[in-house]
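Below you'll find the structure, written out as structure tokens, and then a few comments.
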Amino acid sequence: MFACDELLLNASTIDATGLQLSNQAIVIRKGRIEWCGSEDQLPAHFQESAKSRKDCHGQLITPGLIDCHTHLVYAGHRAAEFRLKLQGVSYADIAKSGGGILSTVQMTRDASEEELVDQSLPRLLALKNEGVTTVEIKSGYGLDLQNELKMLRVARQLGEVAGIRVKTTFLGAHAVGPEFKGNSQAYVDFLCNEMLPAAKNMDLVDAVDVFCESIAFSIRQAEQIFQAAKDLNLPIKCHAEQLSNMGASSLAARYGALSCDHLEFLDENGALNMVKANTVAVLLPGAFYFLKEKQKPPVDLLRQVGVGMAIATDSNPGSSPTTSLLLMMSMACQFFSMSIPEVLSAVTYQASRALGMEKDIGSIEAGKIADLVLWSIKDSAALCYYFAYPLPHQTMVAGEWVS
């Protein structure tokens, strides 16, 4: 009979739906969960063979948290724009004066890879400090071949330096590259024919995203990009129905999207198509708050038809300058009227589904990677009750406790 590496006893945990369980035991072996369940059903040989035991004293253990939608690789900031917005200056006027997303594009292009790592690493470490063990990072502030690849390389490097799992998403279709101003179709053609294949060939991309909106890319252009991704066997995601209902969610679902994100203007048809495709709804309360949006995502509709809901930070310099997934959890309860179990599932199991990783992470189940967080609380509601607190007591990544 083999020995287990770690035995966690007398823990409270949550299941994949976010419901709390008491008196639980977790057996860790070779970086994975070997066994988990009620402590009174723990096989005796695990008790006898464990190399290390930890009595959790009823404290909560969750899966490692997952931030499944971020843009945290970028240079500079847009605090000066925030000051202007508070003075009543419109986004259109800010953009005309050289601000907006293209200002971040310019600063990101001007930064070296080393500078991008130096500026972005603190944001990733802030997430890690809150018990996040997997982070999705999008490109989208390069908008040309050289700089999109640079961003993706930096994202990969950040995961290695920070010691947590990073999944990369190619978001060249975030805005039209400035060199293609006035000719968005030429940019989309270049993206599909040159940029995306290069990222794939260099093994820098895990998924492909498109911002489908009247101010960004059309339904036809989004479909062209989705087809290019499909031809390269890359899964897709979509910034969909954030500012209007364009039918992007239905299109993305037709291509088997892992997730559709934002979704403030999602309708029933789009939601039903997402259910059929097992597409997750990623809700982003940070952007809702920072942009002072009035239209909430239709949580009741998503709940009614059975669309899984994830929560993420949307960490970015323009519309959600945050690195606190814990704060987003509280906001999801308060702004979107999500229940505590829904929110706990949203940053664990549902977030893993949004990355196509539910077979390996996102829940405490035998066979899954041992990404776990031990909290200094006993009631899971406290994770949503507090604002960005408490911080983890200990975090485990692939079976190893990390600092």
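Every residue, even glycine, has its Cβ placed from backbone N, Cα and C.
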Which one of SER12, SER22, SER38, SER319 goes with ARG78, TYR141, HIS174, GLN242 at the 4-imidazolone-5-propanoate site, as Swiss-Prot has it?
SER319
For the Zn(2+) site that Swiss-Prot gives with HIS69, HIS71, ASP314, which of HIS239, HIS393 also belongs there?
HIS239
Going by Cα-Cα distance, pick out whichever of the binding-site residues HIS69, HIS71, HIS239 is nearest to SER319 (4-imidazolone-5-propanoate binding site).
HIS71
When you look at TYR141, ASN316, GLY318, which the record names as binding N-formimidoyl-L-glutamate, what is the longest CA to CA distance in angstrom?
11
Quick one: which residues besides HIS69, HIS71, HIS239, ASP314 have a Cβ within 8 Å of the Zn(2+) site's Cβ centroid, in sequence order?
THR70, LYS138, ASP261, HIS262, VAL282, LEU284, ALA287, ALA312, SER315, ASN316, SER320
If I take the Cα of ASN316 (N-formimidoyl-L-glutamate binding site) as reference, which of the binding-site residues HIS69, HIS71, TYR141, HIS174, GLN242 has the closest Cα?
HIS71
